[in-house]
């Protein structure tokens, strides 16, 4: 069983990352309104998570603590599936369908390009 101190360190890393991620999302959404703001943070967050995913699998440049702080904390608070869902639910059918399609396609594309970007920088294969 992990010691309470080590668990608290993890909680603090996630909390610090989450604080920074939430502030960054707020700042972006203050300047990019509505669905485009949420789409922007979700796509950017997916791109960053794709980079972390590739790094964790092949490179280990970012250690476990960095992945907790940045992946779980920062990106977890930076992106927002719930706001995307509420926005989509409150729209008429066709605009909602477009919003859902754009979010799914672009966030998956973001993960792909994040992985590809780190792969190109590291010259390793996926």
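Placed from the backbone N, Cα and C atoms, the Cβ positions cover glycine too.
The transmembrane segment annotation in Swiss-Prot covers 11-31 (among others) and is backed by sequence analysis.
The transmembrane segment annotation in Swiss-Prot covers 36-56 (among others) and is backed by sequence analysis.
The transmembrane segment annotation in Swiss-Prot covers 69-89 (among others).
Sequence-distant contacts of residue 79 (Na(+) binding site), defined by Cβ-Cβ distance under 8 angstroms and a gap of at least six in the same chain, are 21, 25, 41, 42, 45, 46. In the three-state DSSP classification, residue 79 (Na(+) binding site) falls within coil. The Na(+) binding site annotation in Swiss-Prot covers 76, 79, and the record cites sequence analysis as its basis.
Annotated transmembrane segment per Swiss-Prot: 93-113 (among others), in sequence order, evidence recorded as sequence analysis.
For residue 76 (Na(+) binding site), the number of other Cβ atoms no farther than 10 Å from its own Cβ, over all displayed protein chains, is 17.
Residues of the same chain lying 6 or more positions beyond the ends of the transmembrane segment (36-56) and with a Cβ under 8 Å from any Cβ of it are 24-25, 28-29, 62, 67, 70-71, 75, 78-81, 83-84, 87, 99, 102-103, 106-119, 126. When Cβ-Cβ distances below 8 Å are used as the criterion, the transmembrane segment (11-31) is approached by residues 37-38, 40-41, 65, 68-70, 72-80 of the same chain, each at least six residues removed from its ends.
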